[in-house]
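Copied from Swiss-Prot, the annotated features are:
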- Asp118, Glu138, Asp142, Glu150: Ca(2+) 2 binding site (BINDING)
- Asp118, Asp122, Gly123, Glu128: Ca(2+) 1 binding site (BINDING)
- Asp122, Gly123, Glu128, Ala132: Ca(2+) 3 binding site (BINDING)
- Ala132, Glu138, Asp142, Glu150: Ca(2+) 4 binding site (BINDING)
Amino acid sequence: MRVNFSLLEEPIEIEKATFLTIKDVQSFAHLVKLIYQYDGENELKLFDAQQKGLKPTELFVVTDILGYDVNSAATLKLIYGDLEAQLNDKPEVKSMIEKLTGTISQLIGYELLEHEMDLEEDGIIVQELFKALGIKIETTSDTIFEKVMEITQVHRYLSKKKLLIFINACTYLTEDEVQQVVEYISLNNVDVLFLEQRVVQNRFQYILDENFYLSYEKA
C-alpha cells in the first residue's frame, strides 16, 4: 500500500508497521482531516502497487484508542458476514440451523395467532440469529497497549479492511510496547500506518520536518 498527498514529492510505501511523523502542527491536522474525509477523490491518495485506489470502506482509522468500540455495529456486521460465509462451507451445519430457526419461527407464529392484536413476523435469517445470540468480540483490554493489540487483531480478521491507520497511538506506548506491536503486525502480515505528531524514539520512520523536508531515519 502507498500513501501520497500534496506535501510529498513521491509516495510513501506502507508495508506492515510504517511510521510517519509530521512535525508541523497545521500540516498534521490537515492530513488527519483528509484521512477522515477520505473518499478516493481528494488530495490524499491511497493505492496499491498496481495503482488501484483504496476504497473508503477498505480504510480503518482509529484516533480515540480507549474509546474505540471493537464491537461497533459496522464491525459486527462484517464479522457476521464472515461467519455466514464460513457456514456456507458447511452445508450440513447450515441446513440444521435453518431447520431449527424454521421450527422456532413456526412456534412463535402459533403464539402470534393467539394474540389479541394482528401480529406478523418476517422469519429469522442467519445474521439476525448471530445478533440474537449476542455474538461479539471478547474484550479483555485494561491498558492502551492491550487495546492497540486488540484493534490490530480485529483488523487482521476483517477481510474488507486493507489499511489500518492509528493516529498518535505511540504517544501512549513505551518503546517496548511499540516493539511488541510491530512484531505482532509483522507476524500477522497486515499493513498499519502510525501517523504521529512527535518523533517515535528508537524507531525507523519517515519524518516530515517543519521545512517540509522528508527523511527516513531512526530517531
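Each position is counted from 1, following the chain as shown.
Note: Cβ is positioned from N, Cα and C throughout, glycine not excepted.
Positions of the features from Swiss-Prot, shown on the structure.
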| residue | record | Cβ contacts under 8 Å, 6 or more apart |
| --- | --- | --- |
| Asp118 | Ca(2+) 2 binding site | none |
| Asp122 | Ca(2+) 1 binding site | none |
| Gly123 | Ca(2+) 1 binding site | Thr101, Gly102, Ser105 |
| Glu128 | Ca(2+) 1 binding site | none |
| Ala132 | Ca(2+) 3 binding site | Ile124 |
| Glu138 | Ca(2+) 2 binding site | none |
| Asp142 | Ca(2+) 2 binding site | none |
| Glu150 | Ca(2+) 2 binding site | Val70, Ile137, Thr139, Thr140, Ser141 |
Key: Cβ-centroid neighbourhood (8 Å) of the Ca(2+) 3 site, Asp122, Gly123, Glu128, Ala132 excluded   = Thr101, Ser105, Glu121, Ile124, Ile125, Leu129
Query = Taking DSSP three-state, what's Glu150 (Ca(2+) 2 binding site) in: helix, strand or coil?
reply = helix
